[in-house]
Every structure is written in structure tokens, then in C-alpha cells.
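Below: the structure, in C-alpha cells.
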Amino acid sequence: MILRLFILLSIITVYLQLSVGIQQQFEFAITLKSKILFVDEHWNVVNTAAHEFDELSALTFDESEERIYFNDGQHQNSSIFSLRKVGKSNHLAEQTIQRYGNESVGGIAYDPLNRTIYWSDLLQKKIFYASIDTVATEMPKILVDLSEENGTPYGVAIDICGRKLYWTNSNINHPTVERIDLNGTGRLAIIDKNIDSPRGIVVDQGAKRIFWIDDLKGIFFAVMSAQLDGSDVKLVLKDKNHEPQNLAVTRNAIYWTDRTTKSVWSHLKEPEIATTTTTTTTSTTQIPTVEGEEGTGAMDDNDIWPVGDFETTPKKSPLERKINLTEEARGIVARTGFYQLQKDSQCSKVIQLVKQRLDESQQNNRVLNVVDEQLDELQREHCLGGGTYYPQQKFCVCVPGYKGTRCETNECHNFCVHGTCQISEMGYPKCYCQPGYSGERCEVKKCLNFCQNGGDCQLDELTGEASCQCPSNFGGLRCEHNSTEICGLFCRLLKHDSNTSVPFGCHDICEQLAKDSSDLIAIPEYKHLDVCLAPNAWTGSVLMPLMISLILILLLLTIFIHGLRRLYKPKRPHIKKTFVVRKQARTNSSSDTPLTNRPLATEQCEITIENCCNMNICETPCFDPKLVEFAKSNCKDDKKILIHNMEDDLY
């Protein structure tokens with residue numbers, strides 16, 4: 001009887017612990033100056049902790065064991081503490097890293113596989129690390145020493161799956177974003193251009209990207225993004241009048257703390273517009289506040305600023321203030337669904353090893369008996385959806401597709417409005433929409449308000465894209481263009497400038513408008529311009545290439561024929577004949593005088609035909625005075641004279 005009563009009391013005790021111990025799960029943790037704030041997904045405060053500290057700054061979240069690690073700058077004995085949230089109003093802070101000097105912690109990161117803490121020291125300009133299992137017996141070790149190069153390590157973040165540590169170097173002369181393997185090898189500066197003063201940094205395991213804050217010159221700041229190897233650098237947003245320090249990421253958004261406005265701000269990870277301004281938003285949603293401070297949700301209208309390449313037209317900004325705080329906001333962490341990454345090929349092995357270590361730790365601290373068997377059954381029933389309960393940490397590890405403190409929420413339940421839901425490889429719900437629907441949750445009907453001005457919306461059977469059948473006098477993809485208004489504008493211009501080109505189809509519209517306003521409207525000369533709508537296939541872009549092709553073919557054919565003629569034409573015979581000049585001069589002319597008759601040649605003069613100027617005797621020094629004297633023909637006839645006096649025929 002006593003044994004049964006003991007078992008019953010034990011079961012009741014455990015049940016109360018399960019039901020009260022973790023009543024509401026937090027999604028974000030924020031360090032203020034003197035406390036840590038826990039808020040849910042709607043940014044409602046669910047708990048506060050660490051009230052005994054006075055100078056909190058950086059923090060990190062071990063999602064595998066539900067522990068917060070944070071820094072206090074004024075504690076005399078320790079610099080880094082751990083906080084285990086055990087209830088709605090209960091927490092336990094423990095000393096983790098002892099203080100060994102005048103440290104100034106800039107950022108903290110935690111590796112759940114090796115249970116190792118990494119932190120940057122702004123004063124010593126080094127990055128340290130220590131295992132929480134051996135920190136009581138071993139001194140922290142140096143992973144990276146930037147003191148010799150005058151570097152300043154600020155933010156640190158761990159790629160848990162890729163086993164690398166990332167940090168920002170805020171050296172004013174040579175700022176960088178760097179990484180190193182967790183074993184201390186392979187240091188590499190992955191970003192060293194177009195960067196001013198980088199601050200906080202975070203690794204997005206799902207998107208396999210890094211995000212960091214860059215404190216730009218003047219009053220501006222930027223949030224940047226890049227692949228894990230430093231490629232594909234993107235500007236997520238650029239704004240002013242903020243003093244951001246640290247940031248966190250979730251599946252869709254980025255969050256950062258701002259000391260100037262004492263707020264937490266958010267922005268989409270994939271912005272619709274790259275450059276934003278903090279302008280007044282049309283949203284009427286009340287911004288959550290802490291301890292009575294009112295929230296406006298946006299800057300004043302006077303803060304709209306047209307500078308450089310930024311937007312000059314006020315519009316609804318994707319930059320959103322999430323919560324107003326009474327103290328200076330410093331560090332921030334977010335729940336990212338660590339165990340949901342077990343579907344990722346790179347992360348699955350790491351997560352399996354972490355779960356294996358937790359299972360071994362749980363088995364080593366248990367003694368099986370009747371009470372334990374009853375507790376096992378109760379704990380198995382506590383975690384729903386196939387989740388596993390860890391009594392030492394007092395939380396459930398959910399399988400992919402489930403979330404909540406008891407894994408009670410199926411992420412696919414009612415997620416897709418008009419479609420089928422499946423859990424993606426990254427552990428997130430994904431919708432496959434029915435024809436005619438789109439959106440992340442298939443909540444958008446493609447034809448809803450798609451066609452304007454009475455247009456009829458139709459869906460393509462193959463692509464599923466929406467198109468519009470527009471009524472008369474309307475056109476455009478969504479029937480957004482009023483043909484009457486457009487033609488009226490052109491015909492008004494035509495009234496003042498006769499060279500104005502009026503679009504096709506405006507003749508009848510302008511003619512109708514001219515009946516009421518003939519002094520303002522001119523009617524186009526041509527009623528139909530079919531050639532503008534359907535150009536002749538034998539003109540323009542078709543005829544010109546065809547003509548060029550024909551000309552090239554004829555040119556090639558001519559070259560080919562000329563080559564054949566040169567190849568097969570018989571060679572011309574080599575002519576070498578001699579023209580002989582007589583030795584005696586004429587004696588039968590009574591007009592011969594020493595002045596008119598040349599002296600007799602002492603010997604025979606001859607010329608070779610092939611040396612003549614193209615069979616032309618006019619330019620040769622040898623001549624026949626008798627034949628040339630009475631010849632009045634031109635040089636073309638010299639060939640006949642030359643041939644006439646040959647010793648024999650040419651051929």
C-alpha cells in the first residue's frame with residue numbers, strides 16, 4: 001500500500017513538473033542592461049531572468065539543451081554564465097567561465113557537438129574557447145590572436161554543420177569578415193572589400209548564408225548577406241539613425257537590437273526592395289512594449305531622407321519595429337529549430353551525435369525500477385508527435401514537422417489553404433498549390449482581382465498562369481490601360497504637332513472624341529495601319545537577311561568559277577620573236593637632208609617581242625623609218641606593223 005502511494009505521489013509530482021515546468025516556449029531572448037527578456041512569436045513577454053546582473057551584453061542559445069549563455073561585464077568572479085529556464089518564473093544562473101582579467105566580451109557562440117563556448121575579447125583582441133565539461137580544471141585557450149595585426153574581433157558565430165567559426169574584424173584600417181575551422185586551421189578572410197565596421201554576425205544554417213551588421217560612416221548602417229564561402233554578397237537593407245549591435249535570423253526575417261531607439265527591429269531576409277527608409281507605415285498594429293512604454297512602430301515623417309541612391313518617394317517600408325524596451329537593447333538570439341535540420345545531409349550527422357550524447361547522459365543517470373517505468377510511460381505521453389523527452393533538461397525534442405513545448409503542433413496542420421503540405425528537406429512546411437492558387441500557403445487565388453476594368457480572367461491549362469480578355473477600349477496584361485484616355489492624349493498632341501505618331505487603332509476613338517472637342521482633338525490621317533501590327537514576312541527582318549545571303553552565295557560562286565578557269569585554261573605560248581631594222585637608208589626621197597634623215601646605223605638593231613611594251617612599239621627605241629613615216633595610226637595599230645616585219649609567223 002505504501003509502495004503504491006509512493007508511486008502515485010511520484011507520478012503526480014512528475015506530472016506537475018511537466019505541466020508547470022515549461023508552460024510557454026519562448027522564441028526570442030534579448031539582453032538588456034540588467035536582465036534577459038524572453039518573448040514569444042507574437043513578441044509578448046513570457047518571462048524575464050538574470051535580474052541579479054548589472055552589465056549584460058552578448059548572449060548565445062544552446063537549442064539542443066535549452067541553455068542560455070550570456071556575459072556580464074561587472075561581475076568580479078566570472079565573465080560568462082549559463083542560464084537554464086526551468087519554468088514560467090524560475091531560472092537558474094550558473095558560473096561558466098571565470099574572470100581572468102579585464103575582459104570585454106564582444107560576442108559569444110556555442111558548439112553543441114563538442115559543448116564548447118567561443119567568445120571574442122575586444123581588449124585583448126583575441127578569440128578564446130573553452131569546453132564546459134573541463135572549464136573547472138582547464139584554462140581557456142586561444143583560437144585566434146589578432147593583437148599583432150591590431151585587429152578587433154567583435155561578433156562570432158558557428159556553422160554547426162560545416163564545423164567553422166565566423167567572426168567580424170572591426171579594424172578601422174582593414175575591416176574583414178573571416179572564418180576558421182574549429183580545430184584552429186584554415187583561417188581565411190572571406191570578405192575584405194566594401195566593408196566599413198562590421199559588428200554582429202550570425203550563421204543561417206537553413207539558408208547556408210551568413211548575415212552581419214556593418215556600421216557605415218556617418219549615421220548609416222547596413223545589413224549584409226553572403227554565402228558561407230564569402231561569395232554572392234548582397235545588401236539586405238541600408239538605413240540610418242540606428243546603432244545596431246547584434247542580430248538573429250529565423251526562416252523568413254532578420255532581427256537586430258538598436259541602442260538608439262531601445263527597440264528590436266526586423267526586416268525580410270529576401271527584401272522586395274533592396275534599399276529602404278524608415279518611413280511611416282500604414283499598419284495599425286500595436287507595437288508590444290515593456291513596462292508601459294508606448295510604441296509608435298515607425299520613425300517620424302520628418303525622417304524621410306532623399307540621399308544618394310536611396311528611395312525618395314515615401315512608401316510602406318518592410319523595416320518593422322517589433323518591440324519597445326525600457327533599457328538599452330544589446331544581444332538577441334532566436335529559436336531556429338535545431339533538431340529540424342536533421343533532414344539536411346550536412347547537418348544530420350551532427351544532430352544524430354548530439355542526440356546520441358543526450359541519450360547516453362540520460363541512461364547513465366537512471367536506475368530502472370517500478371517508479372521509473374511509470375515515469376517513462378508518462379514522459380512518453382508528455383511529448384506528442386513522436387517527440388523524445390529529456391528529463392534532465394526538461395524539454396521535448398520534436399521530430400521534423402512538429403513543434404511546441406510538447407511537440408503538440410503539426411506544422412502542416414491547416415498550413416496550406418488550397419494545396420497539399422509536405423515537410424521540406426530543411427524541416428519547414430511547404431505547399432504544393434492547386435491549379436489557380438499561389439502564395440506560400442496557397443492562399444492567393446490567381447484570378448482574384450487580377451483583371452481590371454471588367455476584364456475576364458482565364459487560366460492557361462499548361463502553365464496555370466492567369467491572363468485577361470479585355471473589354472473594348474481597354475488593353476494591357478491586366479486590362480489596366482484605357483485606350484480612350486491614351487488615344488485622347490496622342491490626338492491632343494497631334495493637334496499641336498502634326499508629326500506625332502498616333503498608335504494604331506486610335507482613329508475611331510479620336511474621331512468620336514473630336515465630336516465633342518474638335519478644337520482640342522485632331523483625327524489621324526490613316527484609319528488602319530495594318531502593316532504596323534502584322535509586318536510583311538518579305539520585308540524588314542526577313543527580307544534583309546535573305547538578300548544578304550543571296551549576295552554572299554553569288555560572290556562565292558563567282559570566285560569558284562574564276563578559280564576553275566585559272567586551273568583548266570591552257571598556258572599561253574612563250575613568244576620570243578625578233579624585229580630587224582634594215583641597214584640602208586632611203587635614197588629615192590628628194591627631201592632627205594642631213595637634218596631630216598637619221599644617220600645610218602652601223603649595225604643591225606633588233607628587239608625581242610616579249611620585251612616590248614605589251615606588243616606596243618611606240619615606246620621601244622627600235623623602229624622602221626619607212627613604215628613609221630607614213631603611219632598615222634595610233635598605238636593600237638603598232639602591233640600590225642610589228643607583225644608585218646617579222647622574220648616568220650608568230651605561231
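Using the three backbone atoms N, Cα and C, a Cβ is placed for every residue, glycine included.
Listed in sequence order, TYR389, CYS396, VAL397, CYS398, ARG406, CYS407 are the same-chain residues six or more apart from CYS383 (disulfide bond) with CB atoms under 8 A from its CB. The feature disulfide bond is assigned by Swiss-Prot to CYS383-CYS396 (among others).
Residues or ranges marked as disulfide bond by Swiss-Prot: CYS398-CYS407 (among others).
Around the Cβ of CYS421 (disulfide bond), the number of neighbouring Cβ atoms within 10 Å comes to 18. According to Swiss-Prot, the disulfide bond annotation covers CYS412-CYS421 (among others).
Positions annotated as disulfide bond by Swiss-Prot, on the basis of sequence analysis: CYS416-CYS431 (among others). When secondary structure is read from DSSP and collapsed to three states, CYS431 (disulfide bond) falls in the strand class. Counting only residues at least six positions away in the same chain, the Cβ atoms of PHE415, CYS416, GLY419, THR420, CYS421, GLY439, GLU440, ARG441, CYS442 sit under 8 Å from the Cβ of CYS431 (disulfide bond).
Long-range C-beta contacts of CYS457 (disulfide bond), restricted to its own chain and to partners at least six residues apart, with a cutoff below 8 Å, comprise LYS446, CYS447, PHE450, CYS451, ALA466, SER467, CYS468. Annotated disulfide bond per Swiss-Prot: CYS447-CYS457 (among others), in sequence order.
What Swiss-Prot lists as disulfide bond is CYS451-CYS468 (among others). Take the CB of CYS451 (disulfide bond) and look out to 10 A: across all protein chains shown you find 23 other CB atoms.
Using a 10 Å Cβ-Cβ cutoff, CYS470 (disulfide bond) registers 21 neighbours. Annotation comment: Swiss-Prot describes CYS470-CYS479 (among others) as disulfide bond.
According to DSSP, ASN77 (N-linked glycosylation site) is assigned to coil rather than to any helix or strand. Among the features that Swiss-Prot reports, N-linked glycosylation site is placed at ASN77 (among others).
DSSP gives ASN102 (N-linked glycosylation site) a coil state; it is part of no helix or strand. The N-linked glycosylation site annotation in Swiss-Prot covers ASN102 (among others).
Residue environment of ASN114 (N-linked glycosylation site) contains 16 other Cβ atoms, counted within 10 Å of its Cβ in all protein chains. For ASN114 (among others), the entry in Swiss-Prot reads N-linked glycosylation site.
For ASN183 (N-linked glycosylation site), no same-chain residue 6+ apart in sequence has a C-beta under 8 angstroms from its C-beta. Per Swiss-Prot, N-linked glycosylation site is recorded for ASN183 (among others).
The N-linked glycosylation site feature in Swiss-Prot is assigned to ASN324 (among others); the stated evidence is sequence analysis. Classification of ASN324 (N-linked glycosylation site) by DSSP places it within a strand.
Positions annotated as N-linked glycosylation site by Swiss-Prot: ASN482 (among others). Secondary structure from DSSP puts ASN482 (N-linked glycosylation site) in a beta strand. Sequence-distant contacts (6 or more apart, same chain, Cβ under 8 Å) of ASN482 (N-linked glycosylation site) comprise ASN453, ASN473, PHE474.
Listed in sequence order, the same-chain residues six or more apart from ASN499 (N-linked glycosylation site) with CB atoms under 8 A from its CB number zero; the list is none. Annotated N-linked glycosylation site per Swiss-Prot: ASN499 (among others), in sequence order, evidence recorded as sequence analysis.
Distant neighbours of the repeat 'LDL-receptor class B 2' (163-207): 107, 109, 111, 114, 116, 118, 120, 127, 143-144, 146, 149-157, 213-217, 224, 226, 228-230, 233, 244-249, 251, 256, 269, 336, 341, 344, 347, 426-428; these residues of the same chain sit at least 6 beyond its ends, with a Cβ under 8 Å from one of its Cβ atoms. Look at Swiss-Prot and you will find 163-207 tagged as repeat 'LDL-receptor class B 2'.
Marked as repeat 'LDL-receptor class B 3' by Swiss-Prot: 208-253. Within the model, the repeat 'LDL-receptor class B 3' (208-253) carries an average pLDDT of 93.
For CYS396 (disulfide bond), the number of other Cβ atoms no farther than 10 Å from its own Cβ, over all displayed protein chains, is 25.
Sparsest Cβ environment among the glycosylation sites ASN77, ASN102, ASN324 (other Cβ atoms counted within 10 Å): ASN77. The residues of the repeat 'LDL-receptor class B 3' (208-253), classed with DSSP into helix (H, G, I), strand (E, B) and coil, number 0 helix, 29 strand, 17 coil. CYS412 (disulfide bond) is surrounded by 16 other CB atoms, counting those within 10 A of its CB over all protein chains shown.
In sequence order, CYS451, GLN452, ASN453, GLY454, GLY455, CYS468, CYS470, PRO471 constitute the residues six or more apart from CYS479 (disulfide bond) in its chain with CB-CB distances below 8 Å. Least packed by the Cβ count within 10 Å, out of the disulfide-bonded residues CYS398, CYS416, CYS447, CYS468, is CYS447.
Under the three-state DSSP scheme, CYS416 (disulfide bond) falls in the coil class.
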